[in-house]
Amino acid sequence: AIEDVNANPSVLNNTQLRIIMHDTKFNGFMSIMEPLRFMESETVAIIGPQRSSSARVVSHVATELKIPILSFTATDPTMSPLQFPYFIRTSQNDLFQMAAIADIVHFYGWREVIAIYGDDDYGQNGVAALGDKLAEKRCRISYKAALPPEPTRENITNLLIKVALSESRIIVVHASFIWGLEVFNVAQYLGMMSTGYVWIATNWLSTIIDTNSPLPLDTMNNIQGVIALRLHTPNSVMKKNFVQRWHNLTQVGLSTYGLYAYDTVWLLGHAIDNFFQRGGNVSFSRNPIISELRGGNLHLDALKVFDGGKMFLESILQVDRIGLTGRMKFTNDRNLVNPAFDVLNVIGTGYRTIGYWCNHLGLSVVPPDELQNTSFSGQKLHSVVWPGQTTQNPRGWVFSNNGRHLRIGVPNRYRFEEVVSVKSNGIITGFCVEVFVAALSLLPYAVPFELVAFGNGHDNPSNSELVRLITAGVYDAGVGDITIITERTKMADFTQPYVESGLVVVAPVRKLGSSAMAFLRPFTPQMWLIAAASFLIVGAVIWFLEHKQNDEFRGPPRRQVMTTFWFSFSTLFFSHRETTITNLGRVVLLIWLFVVLIINSSYTASLTSILTVHQLSSPIKGIETLETTNDPIGYPQGSFVRDYLVNELGIHESRLVPLRSPEEYDKSLRDGPGKGGVAAVVDERAYIELFLSSRCEFGIVGQEFTKNGWGFAFPRNSPLAVDVSTAILQLSENGDLQRIRDKWLLRKACTLQGAEIEVDRLELKSFWGLFVVCGLASVLALAVYIALMIRQFGRHCPEEADGAIRRRSSPSARIHSFLSFVKEKEEDVKARSSRERQLENI
């Protein structure tokens, strides 16, 4: 790189760039001391150190001396320009590498990973960034497995044994070049490179493979199926020629870090050239703070400040060139533009590229530099050969290999043994338990579990408390009639509901017989009133429109009133004899007959239902009735119903009566409020249907006023919840779920339980649209008719239209004259007008 820069006359204007190199042998102490030695000799910039921890220490000194530090291997994401203004990272930040790993984990649908890392700045901060990126994808690190910065085989073995006992099988190795391969060596020895495991290595592994290829056969066997990341460098003629030159010089492999090192030297050359062009001058001065220390044996007084350091730093950050690694340009936060990685799969004696990752579009099978010319079709990777030589995507987790069975909490209820029942010998059965067992039988793996009763069997336990204990780790899951409500979903994950069951109201009902006034029941009083008024109004409108021309709507006042009434109500049966002759009258009548047809049909259907179907009646019409009364309300003990009634509906606690069993439901409803009972019971539909199967004197009143379901509860982020949900869907699709429900919950319905009690009367809100249309048509027809009459009045009565005469006559006289004209028959008006014109011609 130095030779190429010095050989290029367009850079540095024939000034020779001189770089002094020291090998720290990847020693932490030496990687700190060597840069300090450089700073003693009036150095304008330092390339290195390799370690992030060393770069952090040296950068503090560089900030005081204003000497830029350029590093292509110190990728610690926490080294920010605010804290270290003179530190410049000339390769990609590890933050982007961790974002790529998070995208890979999310792409395969995994939720938890284990991170193995060295317990130093590089490892800790990299894994912290991984945790943040996983959290953005709603994933997490379940176990942070830290190793000493220079671990022994024993350290690695002890750590991997703990990892093997964990549930997650997704292992991210953020290791050092020195000991990273030893992790896979021990993992192979422990059988952890087999089917089911997923190993993801950061770019340290691809660097080793590229540099030392081919690796020994036993080493390659240890890393078969591993996914590794590599800094992406676009293909170019410049890169191809450089790689060829490199291979002609040495047999040592070339990694992407080598390419970044080459580009770093060129970047430094261009920055120095820009520095001189801007009038920069290389000079040094003493630091007053260091001078006060008087040097001593450490010779600190030899450290001098680079006077042009700030300008030189600006020159470095302004460089924008195309190098071997792509575009070398810094963003505002001093990261290189267009961060991207290759996603590799180790196979055989090398690796295969299965995709790419870039910061803006995520995973793709198309190289990032070609995506601008290709339509992006979403996240995608090629197939992977996983550890164990399988191409089937691993599930990503297993049950902990510690011999412990899952403790499944089951509510020990006093009521409705069909749902869940705990026998005296400890055996737990019921509908919910059988659904759970059937779902587990569909899983592609065995789930060792034991059912544990929750509650004393005398009082109904709280399902919310059971969910809380799952969160606390007392139980591994909850099985039973656990309703999925908002409060509980904040504590645990739930499966797909296997029962839909909202809240309903049950109350005493009585059978209604046919009465003499049964014909009035289809409509509400308001509907009857509006319908009757509409008949009269429409009749009056048609009389007004027809009166002037139609003889059937003329005659003595009494006859006209009787004709209007008869015409109005005869339209109900479409038997009106009067004929409409005006166009406006026909339009209004046509719309009204359509309204009558709809009302008549609805009335007939509702009355037929009332007279032919058993009707059940109750003074309580639904939850709305209970909200407006002060009657006591029963609810199941230990259920969420109490909180719902109090918090959501505002019903006072003093009105609520806890009931433990169906027998208590029955007794309280029979006694009623007058004898210390309840007016109604609020419970979930599934329970009420069981309760009503043998009790004909009670019924569901009103509509179901909530929509809930029963589900199985698991700890947050438990992968078992997703698999059991899938199994429940399979049970539903193949009919087994309905079969199990029929076995436990289906009972012969009571003969009087013909229908739920609901308000079946037809209300005005169902027909208001028809009445509005008819009303608007009538108003519009009247407006048009009156306008026509005013026009005719001016034409046939010119003396009334004359301005001078209007001013001499009173308004009441003019109105009376207009009404007389409207009342007068059309033929009489025309005859009178004809006579007047004849008299004028004489």
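Cβ from N, Cα, C; glycine included.
Per TrEMBL, the features are:
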DOMAIN    407-747  domain 'Ionotropic glutamate receptor C-terminal'
TRANSMEM  527-545  transmembrane segment
TRANSMEM  587-611  transmembrane segment
DISULFID  Cys696-Cys750  disulfide bond
TRANSMEM  767-788  transmembrane segment
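Sequence-distant neighbours of the transmembrane segment (527-545) (same chain, 6+ residues past either end, Cβ-Cβ under 8 Å): 520, 553, 560, 563-565, 567-569, 571-572, 580, 582, 584-585, 588-589, 592, 595, 599, 761-764, 767, 771, 774-775, 778, 781-782, 785. Within the chain, the transmembrane segment (767-788) has long-range Cβ neighbours (under 8 A, six or more residues past its boundaries) at 527, 530, 534, 537-538, 541, 544-545, 584-585, 587-588, 591-592, 594-595, 598-599, 602. There are 15 other Cβ atoms within 10 Å of the Cβ belonging to Cys696 (disulfide bond). For the domain 'Ionotropic glutamate receptor C-terminal' (407-747), the model gives a mean pLDDT of 85.
Taken residue by residue with DSSP, Cys696 (disulfide bond) is part of neither helix nor strand, so it is coil.
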